[in-house]
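Visitor: According to Swiss-Prot:
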ACT_SITE  85  active site, nucleophile
ACT_SITE  194  active site
ACT_SITE  196  active site
DOMAIN    2-232  domain 'Glutamine amidotransferase type-1'
């Protein structure tokens, strides 16, 4: 299986995503934002960072990159797509997932191990989890507060489109503690925390007393590998 990671000007976590894919047993494929070729990949990752310096709005300029027309088309045909942090912002700007992301309510950049609850384990990216499972994934952003209209929020909650929720203290003012969502079809998932930074043991707090931030993120990538192979 081949999973593409798209690099944009200002991407920071593309190499981490490529490594996570390799550790999950798939072939990572580096893709460039200026191309119109997905190179026959089976799934896509839009990584974190500060694409185009976060000018205008986070993810706004990147969502208009040449390769995004191929991403939108592939997502429409059912290809699994994962947007992480800045990638989530791109997905929202491209209207591939509902809602939007704005400045954290406290106005500060945050970087810590974040406790999450899995709300939907039926997407290609979350099939390795169980609904209600508690996990810890690193979180780092300045504009990660999830917003949506009251009507849209009701639909998200009612149709199971919330995929992850912050557990404990809400770190950025996201409505309903929402950390990640999916599209209606379920193949496109966006979240602010960084699963690609939690794929190997020994990184982050990993004692029984502390929040665990070691390998919880690996399940995102092994899940999509299994899902794609089953469908094949």
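Cβ from N, Cα, C; glycine included.
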Visitor: Need one number: mean pLDDT over the domain 'Glutamine amidotransferase type-1' (2-232).
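Guide: Its mean pLDDT is 94.
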Visitor: For residue 85 (active site, nucleophile) and residue 194 (active site), what Cα-Cα distance in Å is obtained after rounding to a whole number?
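Guide: One finds 7 Å between the Cα atoms of these residues.
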Visitor: Per DSSP, to which secondary structure element type does residue 196 (active site) belong, with helix, strand and coil as the options?
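Guide: For residue 196 (active site) - judged by DSSP and reduced to three states - the answer is helix.
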Visitor: Taking the Cβ of residue 194 (active site) as the centre, count every other Cβ atom within 10 Å, in any protein chain shown.
Guide: 25
